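According to Swiss-Prot, the protein carries these features:
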SIGNAL    1-21  signal peptide
DISULFID  41-124  disulfide bond
ACT_SITE  174  active site, nucleophile
ACT_SITE  202  active site, charge relay system
DISULFID  213-218  disulfide bond
DISULFID  256-261  disulfide bond
ACT_SITE  263  active site, charge relay system
DISULFID  278-305  disulfide bond
DISULFID  279-330  disulfide bond
DISULFID  298-303  disulfide bond
């Protein structure tokens with residue numbers, strides 16, 4: 001997997017950046033990479049599975065949107081849980097190891113109902129092929145369709161199970177971050193309001209580097225948008241949220257020798273923040289050419305802790321986050337906000 005990511009994003013990044021999250025996949029299927037060698041990553045809503053985690057289903061169960069009532073929680077007329085909807089990225093799955101760990105942290109610490117959207121075929125993970133990385137442009141195009149699926153599922157939660165939008169947050173990694181943004185746009189179009197929060201974990205860079213708000217994750221897609229940047233090669237290196245955390249300057253991460261490792265670290269960092277064993281502190285950082293404010297000078301009104309409580313801090317903008325190599329990754333000099 002790491003080798004494939006490196007090949008895709010280092011060797012083909014310039015080609016892929018000509019693609020975009022199109023409404024019409026015909027453009028992408030007729031693209032320069034489609035010459036009979038690309039996998040068929042065509043999106044079909046029927047292929048999507050929902051991995052549902054709760055305290056009585058800690059290992060998760062697999063459901064389809066059409067058969068939710070097979071799980072007793074969805075036999076109720078109202079769901080009162082806080083809900084986290086997880087959306088994976090390219091070549092991944094809804095129950096990948098890192099998402100599974102995050103889901104279990106969410107149900108253990110905060111009793112969330114966690115729903116991980118598995119769109120693996122549309123993300124080109126359903127194939128045992130050496131050229132599946134060439135399906136990236138199709139996966140990019142599929143993000144809008146998956147976003148609409150998530151929005152439609154949200155409508156079901158709101159209207160059938162009386163879940164307020166203020167109880168729903170989306171957490172997306174890589175392409176899943178932009179998918180979350182498209183879902184956020186769609187629920188507003190459906191006049192459902194805004195999600196409480198979207199957390200974009202190293203939002204994908206290739207094919208999104210020059211995109212404006214309508215075609216990527218944007219700070220207007222939820223009441224609060226938090227972005228955690230960990231790879232300048234695989235992720236976007238510009239602000240997309242209410243707060244943008246640049247971990248280790250957002251370039252590469254301690255202990256990582258490959259871009260895919262840094263890209264994935266965003267998921268691991270958030271999981272540790274959910275566990276609340278420590279606070280990864282973001283200190284104001286205006287630009288790459290400026291010096292971040294020292295952590296020792298941090299106060300609650302100027303700095304922000306990464307994670308589910310970030311919205312409780314008043315500061316917004318760009319933040320530098322120092323981290324250690326090993327979990328729980330704290331490098332906060334004993335400062336508490």
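Glycine is no exception: its Cβ is also placed from the backbone N, Cα and C atoms.
Here the candidates are the recorded positions 41, 202, 278, 305. The one whose C-alpha lies nearest to that of residue 256 (disulfide bond) is 202. Within 10 Å of the Cβ of residue 256 (disulfide bond) there are 18 other Cβ atoms, across all protein chains. Note on proximity: among 174, 202, 263, the active-site residues of the record, the Cα nearest residue 298 (disulfide bond) is that of 202. According to DSSP, residue 41 (disulfide bond) is assigned to coil rather than to any helix or strand. Here is what falls inside 10 Å of the CA of residue 279 (disulfide bond) among the recorded positions 124, 261, 263, 303, 305: 305.
In sequence order, the recorded positions near residue 278 (disulfide bond) (Cα within 10 Å of its Cα) are 330, drawn from 41, 213, 218, 263, 330. Under DSSP, residue 263 (active site, charge relay system) is assigned to a helix (H, G or I) in the three-state scheme.
The Cβ of residue 124 (disulfide bond) lies under 8 Å from the Cβ of 39, 41, 90, 91, 132, 133, 135, 136, 138, 139, each on the same chain and at least six residues away in sequence. The two recorded residues, residue 174 (active site, nucleophile) and residue 218 (disulfide bond), show a Cα separation of 14 Å. Counting neighbouring Cβ atoms within 10 Å of each of the disulfide-bonded residues (218, 261, 298, 303, 305), the lowest count belongs to 261. Of all the recorded positions in the list 202, 213, 218, 303, the shortest Cα-Cα distance to residue 263 (active site, charge relay system) is found for 202. Note on proximity: of the recorded positions 202, 213, 218, 261, 330, the one nearest residue 305 (disulfide bond) is 330, by Cα distance. In this structure, residue 305 (disulfide bond) is part of a beta strand by DSSP. In this structure, the C-alpha atom of residue 261 (disulfide bond) lies 12 angstrom from that of residue 202 (active site, charge relay system).
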